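Trainee: Got these off Swiss-Prot a minute ago, pasting:
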TRANSIT   1-27  transit peptide
TRANSMEM  152-172  transmembrane segment
TRANSMEM  235-255  transmembrane segment
TRANSMEM  267-287  transmembrane segment
TRANSMEM  291-311  transmembrane segment
TRANSMEM  341-361  transmembrane segment
TRANSMEM  364-386  transmembrane segment
TRANSMEM  417-437  transmembrane segment
């Protein structure tokens, strides 16, 4: 086989080699093979005329070339270079001469000894496995699964209600209420995310959630929710009282199952979701005081009413995303009703804050302070409502240019109302704590004693 391939290879490498192969050793070799075939057996003449075949390793090409003429040396050099490239043999010595490879029909990239050593070492080297970050793998995904900002808001509303209750508080009770409420809220939020990855994937606001990104599977979310809910309810039962534990479990069921299911069926889901926000103040109050006190229901009503200007203005600016994702929201089903409800519950804040003073939860100065904060949010809610009412009048609605201008203004008013609501709730609750009934009596008692 090699007797046929090597002459063809040499002819392809250099046209001048064809005459050499025919006139030289190659021609005598062909004649000898032909004569041996005709004779049918070997004899002394064939042994004398037989041409010696070079079987030396290619490493000794330099030795074989010694003593040959220039043409034969060039031929053997090209032949050795070609065979060297075809054999892919990298065990060459550094003293081997460099051959001219311009006539080769393929490109040969020479690799020196140092480079070959680096390649071998890189192949033998075992790359270390990347370190698994505990924070990025476990802590951050499950922290996002609990919706930390919403959970903190729920926890603070329960703590503020606990601080406003008339009965004394204990450190153990406060810690149990804080941890238990946080875990119950995290459980409800995890179930909500585990049930809605396909819908959340269609909204920009929720595309970064861990279940949507595949960092946490729905089953893992449900397992986390089960563990957090069980632990949170147990802490509330043992560290606070059974009433608070029942309210915590009810909050999980309302948010994770009823509210989440209604989001794709009816606009009443917003009212059900507002009930979820009203339960944490009841939990805080029930931790140390009976729920028969009207002050508990005033605080719950305050949190319930606050949900509408906050959420309705938020959903207004992303109404198309809700619609495309299949969520049935008032913002796109009935835009006028959406703005009207936001204003209605903003105005409801005034009598609810009045009720806190009337039922001796706060002093009467609270009416003045809270009125400024409530008026601030009601003003922007009124602007949002009035603009939407004007937008959907017959004159403006049928004029596309005017309607688009009016809708742009409504978007601005909705965004302002939303951010005002974010500041409104902590302001109202902090003012209520500062104006708690009999909080500052110790200052006046000292003055009375000094005057007496």
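Glycine is no exception: its Cβ is also placed from the backbone N, Cα and C atoms.
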Trainee: State the residues, same chain only, that lie 6 or more residues beyond the ends of the transmembrane segment (267-287) and have a CB under 8 A from a CB inside it; answer 'none' if no residue qualifies.
Mentor: 154-155, 157-165, 173, 177, 181, 185, 188, 236, 240-241, 243-244, 247-248, 250-251, 254-255, 258-259, 293, 295-297, 299-308, 311-312, 328-330, 333-334
Trainee: Are the transmembrane segment (152-172) and the transmembrane segment (417-437) close, by which I mean at least 3 Cβ pairs under 8 Å that are 6+ residues apart in sequence?
Mentor: yes
Trainee: Could you pull out which residues elsewhere in the chain have a CB under 8 Å from any CB of the transmembrane segment (291-311), counting only those six or more residues past its ends?
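Mentor: Contacts of the transmembrane segment (291-311) (Cβ under 8 Å, skipping residues fewer than 6 from its ends): 157, 160-161, 164-166, 243, 270, 273-275, 277-282, 285, 341-346, 348-349, 352-353, 355-356, 359-361, 377, 381, 417-418, 421-422, 424-425, 428.
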